[in-house]
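Taken verbatim from TrEMBL:
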type	residues	note
DOMAIN	A:27-224	domain 'MacB-like periplasmic core'
DOMAIN	A:260-373	domain 'ABC3 transporter permease C-terminal'
DOMAIN	A:731-844	domain 'ABC3 transporter permease C-terminal'
TRANSMEM	A:21-43	transmembrane segment
TRANSMEM	A:256-274	transmembrane segment
TRANSMEM	A:308-334	transmembrane segment
TRANSMEM	A:346-370	transmembrane segment
TRANSMEM	A:391-410	transmembrane segment
TRANSMEM	A:416-443	transmembrane segment
TRANSMEM	A:474-493	transmembrane segment
TRANSMEM	A:727-747	transmembrane segment
TRANSMEM	A:779-804	transmembrane segment
TRANSMEM	A:816-835	transmembrane segment
Amino acid sequence: MSDLNWRLAARSLRRDLRAADVRALFIALMLAVAASTMIAFFLDRLERGLERQAGQMLGGDLVLEQREPFSAELRSTLEQAGFVLSDQVELVSMISRGDRFQPASLKAVDDVYPHYGVSHVDIGNGTEQIASGPPVGEAWVDPRLAQLIEIELGDRVQVGQTELTISGIIEREADQSGGFGNFNPRLMLNTSDLEATGLVQPGSRIEFELLAAGPPAALEQVQGLLGELRRAGVDVRDVRVDRPQLGNALQRAESYLGLAGLAAVLLAGVAVAMSTRRYVERHLDTAALLRCFGASQYQLVMIFTLQLLGLALAASVIGALLGLVGQAVLLWLLTSFLPMTLPPPGIMPLWLGIFTALAVLVGFAGPTLLRIKQVSALKVLRRELDPLPPSAWLVVGVASIVFGGLLWLYSGSLPLALALLIGGAALLGVLWLVSSLLLSGLLKGVQRLSGKSEWSQAFRLGGRQLARRKQAGLGQLLAFSVTFFAMAMIVLVRGDLLTTWQDQMPDDTPNYFAINIQPSERDAFEDAVAPRVETQSTLYPMVRGRITGINGQTPRDAVPPDARGDNSLRRELNLTWQAEVPEGNQIVAGQWFTSAGESQGFMREVDATPISTNEITPISMEDGLAQRLGLGIGDELTFSVGGDTIATRIESLRSLNWDSFTPNFFIIFPPGVLESFGHSYITAFHLPDVEQGLIRQLVSDFPGVSLLNVDAILGQVREVLTQVTRAIELVLALVLLAGISVLYAALTASRPARAHESGLLRVFGAGTKMISRVQGAEYALLGFASGLMGAVLAELATAALYLYWLELTPRLHWGLWVMLPLGGALLIGIIGHVLSYSLRRQAPAASLGLLGEA
Amino acid sequence: MSTLPADDAPAHQPSTDTASTHKVPDAGAYPPVLLAEKLSKQVTSGERSLNILHDLSLSVAAGESVAILGKSGAGKSTLLGLLAGLDTPSDGELTLFGQPLSRLDEDGRAALRAGRVGFVFQNFQLLPTLSALENVLLPLELSPRAGEDHVAAQWLERVGLGERTGHLPKQLSGGEQQRVAIARAFVTDPELVFADEPTGNLDPDTGAQIIDLLFTLNREAGTTLILVTHDHALARRCDRCLRLANGKLEPFEPVSANGGGNE
């Protein structure tokens, strides 16, 4: 019997491919799959590409750091897991040339260095990209060091007990994880020369780093070992966990793409629902006949299910291929940002696509399809005997559940999916009510049109036609509203995303950091810089301090085991003091210090020595660090600063924007506590291109000040944003295409009824012009109402999205309220008008007959 | 077509007894193919309940041809739906091929029909997306004889459409479409064929040809035929004529004139 089902299904599918509803179904499913696979493929590869880039910034996929050399046992374990290892040693030492001495931050690299990326080094022929470290006997220095001790290429410098030849000036290191911790200028040498320097002595402050590069599987395999290492106090940086954020921007872009994919799936779902209705109506006669000839209900369901499954499979294969091409286009748009050696697309997204097609089919077509099962054989004798359409609640309910499941699958967040779903369901209920009222209101308004002009006549007739098919009209109104809503939302979010990015990265974003400004230089530095720069952040005082105790315990014992190796516990932190919350910081818990202001001022005058140890200083901590260390409001921390001990208590937690290109601090003290300790200042400013001469002047006037140029990083982030923007435009186009497929499906579904009506009008003597006006008016009314509904929906939904998902500030979009209703009227008016062109050309008998043919 | 089936069976003129006691020559010893006992059908339209059929009984023996006449709106289609097991009566019992239908569910009744009951409809009811051959294949594939595809082609040959097997219904004339429908009705070698106004949508000449074809095939196959019509001439060619009036069947003598008056 199943053989028979297959044969029947295949036969009718082949014939059916000519039917408009089947074509609409096919296109809708294909678009859904194309959109979801394209985005899934793309996100998958982007994710892996970002990981690779993060690995480059980190120096490897896994970086271990401790104060002593790593054991051979650990090395062999890692190598067995599939890692390639590279050693680095970092230490601070005095270097000299003649009578000039300068502390430098030494970095010894081996022959494997770097795992990823290249360094930008000038070895005498201008800046070149070099994928290795300096050879044995040579050293590379950063331009500041060269300037400070006046060396040129070929000079020899004393490093510990040996001499090295300077063979390169480093503009940019391949791994850039150094950060601002290193105030001292860089000197890079080969590990083979390290022993000769005699600098590696027991007890000296040396960081040994083991950089490992390997596949994700290798990283997976050693996870257990990493936990042990962390608990043993080793600083473990795992590329997947400690990825340096390329910025919220990119994360938002990923969210956006995910959202757009879902919008396309939703749109396709609506199209599937619309065309299935027509498909089922068209096949009720077939079903009744088959029933008459003795087919069981099960057989009926099987035949039509197999048919639709075949359709879905064909559509998903073609859709997946389109998705594959689409993601290649997306990647092509992003090539200059992504590393060239992206892993090939995985197979997962393909399954995801097929699964999506089936889910959309089941969710949006299932209940409607079941109607076929209920068809009575008696229908062959009495045409009017159609089974009841499935209840709207059932259709919407099943579709919502399936779409919620897809939401969950795509977003990976159940609460988000549930919230969207419940919100969506509530919204849909309200929508149904409001659209019902809106439609009646609009139709009443149209009937009042008393003008004798052809257009008001057209609107009266068109409105009456719409009113006659109120239920179907309402269904279309809903479908169009959802369509406009999804399209509008994708356009809106895109616009706001781009604006936010531009706001976040204005042209005057600081491109220079100045570090290590001594208090005595502070005013002079400010005077030198202020008149020539466009923007400058506050000068923040900076004191180095170490956390020595947490709630009376050693930090190691007080924090969660996995945080024992955290950098914040192993190194000195940059502490600052501020009276006000720094710009861009937000208090997320507790309170900023307020009342203490006066007494601090008083204390500063009376007593310049550090405050007594029994007094507890309030501090403010960055919430991310607090979370990592398992700390909250009220926890007490002891700091060791310049040999003194300061007892503190966390009184507030701050969130801050790490992408802001301004100085950010983990811990902020109130004024009046740290001033007496040795401190320096840090600031950031934007130096216009024309003022580049200032840098030379600053370096010579303030030799102790480190100037850090972040133009390269800034440029990279800007480039990423531009390219991601292009990717977003492409996805936007896809969503709009999906929207048009919905219109196509909906108009297909209502074709016979409209054909009948225009046939009747023609019989009563209406000319082609009149009919086309009436139809245009009907579509325009429908479009106007759905545009209005879509605007309401889009405004509400984007507000919710911004608040809970994309973390943008919601705002009203006035243009939307004008554009959507008018645009909707125009769009549906035009598309409907064009699509029904052939109907108007038909002789009335033919269009009247269309109904009977079913 | 000079020999008409009606002429061959003058003995089977309607008897006065419409109940199960009716005797059919050659078949008296066998149980009737179709036995309806006290069938009633009520429909509620709005707030009024309407008795379409009331205490209706009928017995049809194997090989017999029965015409059911009735005015439009008398409930002919309702009765046909009940007799074919497409619908369920409000009251009474219908036994088809010895099986009481009240004991079968919708699927059970469908299974009983498969391959044993053929249908010819007024509006042909061909599937527009299937070719003539595929339309004929449809009931065959649902019957126990599924797979004997050559049978379908043979039947198209027999109704004179051997050359047009690949044509879609819309490429065929009305008469040709009804020929396809007749081939489809007989392709499974059914025991019982229902015909619902088979000439209703055809012009008189074409209608006459279709009727000749229907009766010829019916006679050759020895099939039981139940024909619903308002055409007296057509009814006269059946072994027995009944008229549906006031929800009951009564014996009826069709007008003998050519193409008779419309009932």
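Cβ coordinates are placed from backbone N, Cα and C, and glycine is handled just like the others.
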Contact between the transmembrane segment (A:21-43) and the transmembrane segment (A:727-747) (at least 3 Cβ pairs under 8 Å, separation 6+): yes
For the transmembrane segment (A:308-334): best-contacting stretch of A:256-274, A:416-443, A:474-493, A:727-747, by Cβ pairs under 8 Å: A:727-747
Leading contact stretch, A:391-410, A:474-493, A:727-747 vs the transmembrane segment (A:779-804) - CB distance under 8 Å: A:474-493
Most Cβ pairs under 8 Å with the transmembrane segment (A:256-274), selected from A:416-443, A:474-493, A:816-835: A:474-493
Two-stretch contact, the transmembrane segment (A:474-493) and the transmembrane segment (A:816-835), at least three Cβ pairs under 8 Å: yes
Helix-strand-coil residue split for the domain 'ABC3 transporter permease C-terminal' (A:260-373), DSSP-based: 96 helix, 0 strand, 18 coil
